[in-house]
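A.B. asks: Annotation comment: TrEMBL describes 37, 67, 84, 130 as S-adenosyl-L-methionine binding site. Annotation comment: TrEMBL describes 130, 156, 157 as Mg(2+) binding site.
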Ligand SMILES: C[S@@+](CC[C@H](N)C(=O)[O-])C[C@H]1O[C@@H](n2cnc3c(N)ncnc32)[C@H](O)[C@@H]1O
């Protein structure tokens, strides 16, 4: 993964985050090229989850269950619904969740995120968006109605490999992702009804909430 900031800063922050207790999942992800949240960004995500202690948390993009397990361990009363369209990932995630003893608090749903978001659901206190980057605008629009009034949306990869700032050159294959993320970051910062912050950690993390009474 390309760094969006200085490698020695990332390494230093990751060393401070230290052992997650999920080294076996980090090793599996590395060996099998499964994209999981970077450890420095995980530290920030867990801080927010621990501070907010959401009752119901929705994660878009499960992979092997790494971030879902880490969030469940950080906040012992949080119920997590995590969505992935890859049946192999769902199976692997469920096995990892079972091993972690968290099957009663993490539900893995096999679905395209868009289909899931269009369904009927109780509201969530937090949404962590980490699925297909070229669909981030739709995920945002569809997540907002599912969010409690003081809910928080956290989005990973919003600075995607450092290619999102205007003027960066990038390979053709990244065109849809980069243009969506440019639109996404501009939109969340310009929308009157939203308050947002982007942190250059990991692959870029955005915090988004609805402004009260707008
Ligand atoms: C970056 S990984 C998630 C990593 C995980 N959140 C973690 O940090 O441990 C993204 C996942 O999103 C899933 N995905 C991609 N597009 C999707 C879609 N349209 N609907 C549901 N899942 C999708 C992929 O199968 C992949 O497992």
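Positions of Cβ are set from backbone N, Cα and C atoms, glycine also.
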A.B. asks: When you measure from the Cβ of residue 84 (S-adenosyl-L-methionine binding site), how many other Cβ atoms are you left with inside 10 Å?
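C.D. replies: For residue 84 (S-adenosyl-L-methionine binding site), the count of other Cβ atoms within 10 Å is 27.
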A.B. asks: In which DSSP state, out of helix, strand and coil, do we find residue 130 (S-adenosyl-L-methionine binding site)?
C.D. replies: coil
A.B. asks: Taking only the Cα atoms, work out how far residue 67 (S-adenosyl-L-methionine binding site) lies from residue 156 (Mg(2+) binding site), in Å, as a whole number.
C.D. replies: 11
A.B. asks: What is the interatomic distance between the Cα atoms of residue 157 (Mg(2+) binding site) and residue 130 (S-adenosyl-L-methionine binding site), given in whole Å?
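C.D. replies: Each residue's Cα considered, residue 157 (Mg(2+) binding site) and residue 130 (S-adenosyl-L-methionine binding site) end up 8 Å apart.
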A.B. asks: Round to a whole number and give the Cα-to-Cα distance in Å for the pair residue 37 (S-adenosyl-L-methionine binding site) and residue 156 (Mg(2+) binding site).
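C.D. replies: Rounded to a whole number, the Cα-Cα distance is 8 Å.
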A.B. asks: Rounded to an integer, what is the Cα-Cα distance in Å between residue 156 (Mg(2+) binding site) and residue 130 (S-adenosyl-L-methionine binding site)?
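C.D. replies: Rounded to the nearest whole number, the Cα-Cα distance is 6 Å.
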A.B. asks: Within 8 Å of the centroid of the Cβ atoms of 37, 67, 84, 130, which other residues of that chain place their own Cβ, given that this set defines the recorded S-adenosyl-L-methionine site?
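C.D. replies: Here the nearby residues are 36, 59, 60, 61, 62, 63, 66, 68, 82, 128, 131, 156.
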A.B. asks: In DSSP terms, helix, strand or coil for residue 37 (S-adenosyl-L-methionine binding site)?
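C.D. replies: Assignment for residue 37 (S-adenosyl-L-methionine binding site) reads coil.
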A.B. asks: Which number gives the other C-beta atoms within 10 angstroms of the C-beta of residue 130 (S-adenosyl-L-methionine binding site), all protein chains shown included?
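C.D. replies: Other Cβ atoms within 10 Å of residue 130 (S-adenosyl-L-methionine binding site): 27.
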A.B. asks: Report the largest Cα to Cα distance, in Å and rounded to a whole number, among the residues 37, 67, 84, 130 that the record lists as binding S-adenosyl-L-methionine.
C.D. replies: 15
A.B. asks: Give me the sequence-ordered set of same-chain residues, not including 130, 156, 157, with a C-beta within 8 angstroms of the centroid of the Mg(2+) site's C-beta atoms.
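C.D. replies: Neighbours found: 37, 41, 61, 129, 133, 155, 158, 202, 203, 205.
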